[in-house]
Amino acid sequence: MKFALFSVLVLMLIATFVAADDCPRICTADYTPVCGTPSGGRRSANRTFANQCGLDSHNCLNKGATYDKLHDGECK
């Protein structure tokens, strides 16, 4: 009985870590730049991402420093 309970707990722990990591880690090498602006609105800190996937990946991995898409193309 203890072994079964332990096994269930381990499986739940593994499932939690696997489900929590939904961030895209591999993006294509296509260069279709997008300009992002910090979610706080500081336009002087705009940043060009290689593509939409790069911006999405950054936002997923950096919850406290996210960017909103400002426009397609490089930031000027």
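Including glycine, each Cβ sits where the backbone N, Cα and C put it.
These features come from Swiss-Prot:
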| type | residues | note |
| --- | --- | --- |
| DISULFID | CYS23-CYS60 | disulfide bond |
| DISULFID | CYS27-CYS53 | disulfide bond |
| DISULFID | CYS35-CYS75 | disulfide bond |
| DOMAIN | 22-76 | domain 'Kazal-like' |
| SIGNAL | 1-21 | signal peptide |
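Everything Swiss-Prot records as a feature, shown here on the structure.
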{"residue": "CYS23", "record": "disulfide bond", "contacts (Cβ under 8 Å, 6+ apart)": "SER57, CYS60, LEU61"}
{"residue": "CYS27", "record": "disulfide bond", "contacts (Cβ under 8 Å, 6+ apart)": "ALA50, ASN51, CYS53, GLY54, SER57"}
{"residue": "CYS35", "record": "disulfide bond", "contacts (Cβ under 8 Å, 6+ apart)": "ASN46, ARG47, THR48, PHE49, LYS69, LEU70, HIS71, ASP72, GLY73, GLU74, CYS75, LYS76"}
How many of the residues that make up the domain 'Kazal-like' (22-76) does DSSP mark as helix, as strand and as coil?
13 helix, 14 strand, 28 coil
Near CYS75 (disulfide bond), how many other Cβ atoms are within 10 Å of its Cβ?
16
Largest tally of Cβ atoms lying within 10 Å of a Cβ, found at which of the disulfide-bonded residues CYS53, CYS60:
CYS53
Take every residue in the domain 'Kazal-like' (22-76), average their pLDDT values, and give the whole-number result.
93
